[in-house]
Amino acid sequence: MGIRWNSPLAQVIAVGFICFCCPGMFNALNSLGGGGQIDSKVGQNANVALYTCFAIFGLLAGAIHNKLGPKWTIFLGCATYVLYAGSLLCYNHTKNGAFTIAAGGLLGVGAGLLWTAQGAIMMAYPREHDKGKFIGYFWAIFNAGAVLGSVIAFAINNKVVVAQSLGDSTYIVFISLMAIGTLIALSLCPPTSVAHSNGDKIQIQAFPTWTGEVVAVMKLFLDWRMIVLIPMFLSSNWFYSYQFSTVNGAYFSTRTQSLNNIFYWFSQIGGSWSFARVLDYQGVNRKTRSLWGLIIITACFVTTWIGGIFFQKGYTISSPNGNHDYTEGASYVGPLFLYMFYGLNDAAWQTYCYWLMGALSNDVTVLSRYAGFYKCIQSSGAAIAWRINAVGTPFMTELIICFALLIASLPGALFLTMRIKDHSDEPTPEHDMKTAEGKHEIIA
C-alpha cells in the first residue's frame with residue numbers, strides 16, 4: 001500500500017526533498033569556501049550577514065510558522081535560497097559584493113523560516129519511538145542534495161586544477177534545483193490534516209495571539225532545559241567556517257574541494273542514519289539511549305578533532321601550502337578521511353540535538369518554538385565563527401575555539417540527559433501560557 005500524502009512520513013520525506021533542493025544545494029556551494037568564489041571574503045561576509053539575520057529571525061520564526069503554517073513558511077524561506085545563488089551568478093559578471101552580502105542577509109531571514117518549520121515537522125509528526133528514524137530519513141534525503149550538488153560541481157570543474165571561481169553553468173544548475181524545491185513546498189499539508197495510520201491526529205496548540213506567542217518564545221530563555229543546551233546549540237554550526245574555509249577552501253584545489261564535499265556530505269547521511277538507530281533502540285529506556293548517544297558523539301568528536309590538530313600543524317594562515325589535488329595519491333587520503341569524519345560528527349551532533357528536543361514534547365507548536373530557539377543560538381555562533389574566519393584568525397586558533405566549544409557543551413547535555421523521561425506527553429512550561437483563545441488541544 002502506498003504512503004498517504006497526509007501521513008507524517010510522507011510530509012517529513014517531502015520536507016527532506018525540499019531541503020535536498022534548497023539548503024542541500026546551498027551547503028554544496030558554501031562548503032566550497034566563499035560560495036565558490038576565488039575571492040572568499042565576499043562569501044565569508046555574506047555568511048556573517050546570513051547567520052546574523054538567521055539568529056534574529058530564527059527566534060521569531062516559530063511564531064510566524066504557528067500563524068502561517070508550514071507550507072507558506074517554507075515557501076517563503078526557500079525563495080531566498082534562489083535569490084542568494086543568483087547573487088553569486090551576478091557576482092561572476094559584476095563583482096557587486098554588496099548585492100551578494102544583502103542576499104546573504106535575506107537568506108538568513110528565509111533560512112530561519114525554513115529550518116524552524118522543518119524542525120517542528122521532523123520532531124512533532126512521528127510517534128515517540130520513531131523520532132530518531134524520522135530524523136535519519138530527513139537527514140539522509142537532505143544531505144543527498146549536498147552530495148548531488150558536489151557531484152555537479154566536480155563534474156563541471158573536474159578539469160580546473162588551480163583554484164578559481166565556479167562557472168556560470170554551475171550556478172545556473174543550482175538555481176534551477178532550488179526553484180524546484182521552492183515549488184514543492186506548495187504541496188505540503190496543513191498540520192491539522194496530517195494523520196497517523198490509525199487516524200490519530202498530531203498534537204498541536206491553537207495559535208493564541210501574537211503577543212502570547214512572542215511571550216512564549218521569550219520564556220524559552222528562562223526554561224532550564226533550553227538554557228543547559230545553549231552551549232551545544234552554539235557549537236553545532238560554529239565549526240563550518242573552519243571546515244569549509246580553512247580546511248577545504250585553503251588546503252585543496254577547486255576540483256578537489258568538490259570531490260571532498262561528495263564524501264563529506266555522504267558521511268553525514270551515514271552518520272545520521274546509524275546514530276538515529278541507536279537513539280530509537282527500544283531494548284532500553286529513553287534515558288539510557290540518550291546517555292549512550294552522548295557517550296558515542298563525545299568519543300567520535302574528541303578523536304576526530306585531536307586528529308585535526310595534528311593535520312593543522314602542517315599549514316598556517318601565513319604559509320597555507322594550499323592547492324593540494326586528489327591526484328597526489330596517498331598523501332591525499334589522510335586529509336580526506338579527516339574531512340569525512342568532520343561531516344559524520346556534524347550529522348551525529350545535530351541529530352542528537354533534534355532528538356533531545358523531540359524528547360521534551362510532542363506538540364508541533366511547542367517544538368516549532370524549540371526549533372526556532374535552536375536555530376537562533378546556532379546561527380549566532382555561526383555568525384561569530386564566520387567573522388572570526390573573515391578577519392584572518394590563525395588557523396590553529398580557529399580549531400582550538402571549535403574544539404573547546406564542543407567540550408563545553410557536554411556538562412549541560414549530560415544534565416538534561418539524566419532527566420529525560422520515557423514519554424513526553426506531560427505538560428510543558430509553554431502549555432501553562434494558554435490564553436482564552438489558545439488553549440491546548442488535540443485536533444480531531
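Counting starts with 1 at the first residue shown.
The backbone N, Cα and C atoms fix where each Cβ goes, and this holds for glycine too.
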Per TrEMBL, the transmembrane segment among 100-125, 334-359 spans residues 100-125
*asked:* Could you check whether the transmembrane segment (395-416) and the transmembrane segment (224-242) come into contact, where contact means at least 3 Cβ pairs under 8 Å with the two residues of each pair 6 or more apart in sequence?
replied: yes
Does the transmembrane segment (137-157) make contact with the transmembrane segment (224-242) through 3 or more Cβ pairs under 8 Å, each pair 6 or more apart in sequence? no
Spatial neighbours of the transmembrane segment (9-28) not adjacent in sequence (6+ beyond its ends, CB under 8 Å) are 3, 70, 74, 77-78, 81-82, 84-85, 107, 111, 114-115, 117-118, 121-122, 125-126, 134, 137-138, 140-146, 148-150, 152-153, 174, 177-178, 180-182, 184-185, 187-189, 194, 261, 265
